[in-house]
Amino acid sequence: MTPPPGWHPDPEGSPYLRWWDGQQWTAALHAADQGSTFPPPVAARRRQKWPWIAGGVAAAALVAVAIGAAVGGPADTDVTAAASATTSRSAVTTTSSSVPTTTTTPPLSPVTTEPVRPVVPVTTVPVTTAPPRSTAPAAAPTAAPSSGMTAAQRNAVRSAENYLSFTAFSRSGLIDQLEYEDFSTADATFAVDYLSPDYDEQAAKSAENYLEFTSFSRQGLIDQLMYEGFTLSQATYGADRAGL
């Protein structure tokens, strides 16, 4: 049940009575012996926590001052001396704190400067431009069959070129190969003589081909080359080129 507005024992346990405004406890306090007949506070303020503590401290200070004033004499002297001592300590503290602080900066190490090395002049060597190399004239391509040839002769020349690009032949061996293709002896002879290959080189190539396939003695290789239509001098050249 909510108590009615009025003075009631302090719920916080103090020896005073506290005013209840019907909704909350206020900060107004009265001595317990005065009862609840005192009128309510003129302006009930919102309750603050422990306001009576500050009031009690202030009242105690006033009582102490009054007692000191009544006694007088030495007490005043002691108070004045204490105040002077406090002032002196404050002055000493202020003086000590105002002493300028000197900051000592360590001397800087001298900077060592390395001497600048002299620049060595660069000698420019003139570049000699080599004269352009003379370009050897390209080998003339195999002459195309002349328009003055017959069709059979042109075909025989083309067929002979194809054979020579594939393997080596002697003069008589190339003529026989063209005759085997049904060219006439005249057309085959015309084509071989028209191309006129180096038969010494043909003998050397033929000797290499034989040695890649099987083994020969020097005389045996010469005989084999002569059997293919190479002359003795051509066959001997081929054996010499083969290292026999």
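Just so it is clear, glycine is given a Cβ too, placed from its N, Cα and C backbone atoms.
What TrEMBL says about a protein is an automatic prediction, not a curated fact.
Here TrEMBL flags 84-147 as compositional bias 'Low complexity'.
If you look up TrEMBL, you'll see 5-35 marked as domain 'DUF2510'.
Per TrEMBL, domain 'Putative host cell surface-exposed lipoprotein Ltp-like HTH region' is recorded for 153-194 (among others). Tertiary neighbourhood of the domain 'Putative host cell surface-exposed lipoprotein Ltp-like HTH region' (153-194): same-chain residues 142, 145, 201-206, 209, 225, 228-230, 234, selected by CB-CB distance under 8 Å and a gap of 6+ residues from either end.
Under the heading domain 'Putative host cell surface-exposed lipoprotein Ltp-like HTH region', TrEMBL lists 198-240 (among others). When pLDDT is averaged over the domain 'Putative host cell surface-exposed lipoprotein Ltp-like HTH region' (198-240), the result is 92.
For 84-152, the entry in TrEMBL reads region 'Disordered'.
According to TrEMBL, the transmembrane segment annotation covers 50-71.
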